[in-house]
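Chemist: Pasting the relevant annotations from Swiss-Prot:
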type	residues	note
BINDING	CYS15, CYS18, CYS37, CYS40	Zn(2+) binding site
BINDING	PRO122, THR123, GLY124, SER125, GLY126, LYS127, THR128, LEU129	ATP binding site
DOMAIN	3-56	domain 'ClpX-type ZB'
Amino acid sequence: MADKKGSNSEKLLYCSFCGKSQHEVKKLIAGPSVFICDECIDLCNEIIRDEAAGAGLETGLSKSDLPSPQEIRDILDQYVIGQERAKKILAVAVYNHYKRLKHLDKKDDVELSKSNILLIGPTGSGKTLLAQTLARLLNVPFVIADATTLTEAGYVGEDVENIIQKLLQNCNYEVDKAQRGIVYIDEIDKISRKSDNPSITRDVSGEGVQQALLKLVEGTMASVPPQGGRKHPNQDFIQVDTTNILFICGGAFDGLEKVIVDRTEKTGIGFGASVKSKQDRDAGEVLREVEPEDLIKFGLIPELIGRLPVVATLGKLDETALMKILVEPKNALVKQYHKLFNMERVELEIRPAALQAIARKAIRRKTGARGLRSILEQALLDVMYELPAMKGVSKVIIDDNVIDGDGKPLLIYEDAPKVAGSN
């Protein structure tokens, strides 16, 4: 019986679970010879919610069938403009990877090996966006790691196992989910070997990191401190098997096309050899001819290249592609700014000439699609600053002179047009 006699003969009631008295809690609910307080009820609800959220969700693929390569490609088309061959390669590789995971339990003589992916393409060509879209489509845990921040274990910097720690954090430390997630390692080209010859000095952020990543990529038991703490000898670690994690590595690989051209020019000598000069060939066209030996020459170790068998190259985005990126994807920049202005009950019109000017500016800056937002933000800054305090504005028009810095947005009032910043 959850009751006790007090000194003043008052019969006190106590929670049968936590032992708190009726005076220490807001509410005490009675059952057959037991009591439960409001705090314990809240705790029970929280436990049930957490268990329900994770029940049966080993991966995001358990609720529905794995989409076909064509379906994966169609969804990528909604978010990523251009890069058709890269999207096809990724769709097939990801489909095969998760098809393999769904049949892991079946005993067979043939063991399917994992196909990790290497994306090669200039800055702002869509490498990260492709990986993000794939993870969102498949509803699996996803993390982006920057290879330039990684160092060998024991040196100042991030240990490669920190990548798995972040993946665990992104799925609330559910190990089964993390073991079927996607890891995107950016700037992989920046940890290339500094030279072909081994150096006396330790290359802690180059070949050493490649060796450390190799173990992670091919499959190992990574030891991760619980809840993001730092490693020390007297603590228990969470063990995560990386064998079934899909690793996608990406990099710009500046200078790789020269390595490829040097190789192809050496082999292309004599009658019947291609006479197309390297000046006539687009960088993207050259990169499509990449071979493992070119990547080794660039500075990646052969063992790591062997663990990244699927190679997809992305081309530089031209003016037309950048203009499409501004307006066509589901989350296109222009659509986002339309929504922002609609919240102020104002219509935003960005004219085709302005879109062309934005694309030209991004090409000049060599930032690709990544630089589009900063250009548009800069052009709209003044009007977004002034608009909330203005009365009667119904429309804002952006033309190419605004993007080029030679003019200001045109504001259409309910009675007459004005230029932003004018009184």
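Cβ from N, Cα, C; glycine included.
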Chemist: Determine, to the nearest whole angstrom, how far the Cα atom of CYS15 (Zn(2+) binding site) is from the Cα atom of THR123 (ATP binding site).
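Modeler: On Cα coordinates alone, these residues lie 61 Å apart.
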Chemist: List the Cα distance (Å, whole number) between LYS127 (ATP binding site) and CYS40 (Zn(2+) binding site).
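Modeler: Rounded to the nearest whole number, the Cα-Cα distance is 48 Å.
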Chemist: Near LEU129 (ATP binding site), which residues of its chain come within a Cβ-Cβ distance under 8 Å, counting only those 6 or more away in sequence?
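Modeler: Correct list: TYR79, VAL80, ALA369.
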Chemist: For GLY124 (ATP binding site), which of the three DSSP-derived states applies: helix, strand, or coil?
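Modeler: Its secondary structure by DSSP: coil.
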Chemist: With every protein chain in view, what's the tally of Cβ atoms within 10 Å of the Cβ of LYS127 (ATP binding site), excluding that atom itself?
Modeler: 26
Chemist: Name them in sequence order: residues not among PRO122, THR123, GLY124, SER125, GLY126, LYS127, THR128, LEU129 whose Cβ is within 8 Å of the mean position of the Cβ atoms defining the ATP site.
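Modeler: Near the ATP site, the remaining chain residues are GLY121, GLY250, LEU314, GLY368, ALA369, ARG370.
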Chemist: Between the binding-site residues CYS18, CYS40, whose Cβ has more other Cβ atoms within 10 Å than any of the rest?
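Modeler: That would be CYS40, with the most Cβ atoms nearby.
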Chemist: How many other Cβ atoms sit within 10 Å of the Cβ of THR123 (ATP binding site)?
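Modeler: Around the Cβ of THR123 (ATP binding site), 15 other Cβ atoms lie within 10 Å.
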Chemist: What is the separation, in Å, between the Cα atoms of THR123 (ATP binding site) and CYS37 (Zn(2+) binding site)?
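Modeler: CYS37 (Zn(2+) binding site) has its Cα 58 Å from the Cα of THR123 (ATP binding site).
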Chemist: Which state, by DSSP, holds CYS15 (Zn(2+) binding site): helix, strand or coil?
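Modeler: Coil, per DSSP.
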Chemist: Would you mind ranking the binding-site residues GLY124, GLY126 by how many other Cβ atoms sit within 10 Å of each Cβ and giving me the lowest?
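Modeler: Output over binding-site residues GLY124, GLY126: least Cβ neighbours within 10 Å is GLY124.
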Chemist: Just counting, how many other CB atoms are there within 10 A of the CB of CYS15 (Zn(2+) binding site)?
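Modeler: I get 22 for this one.
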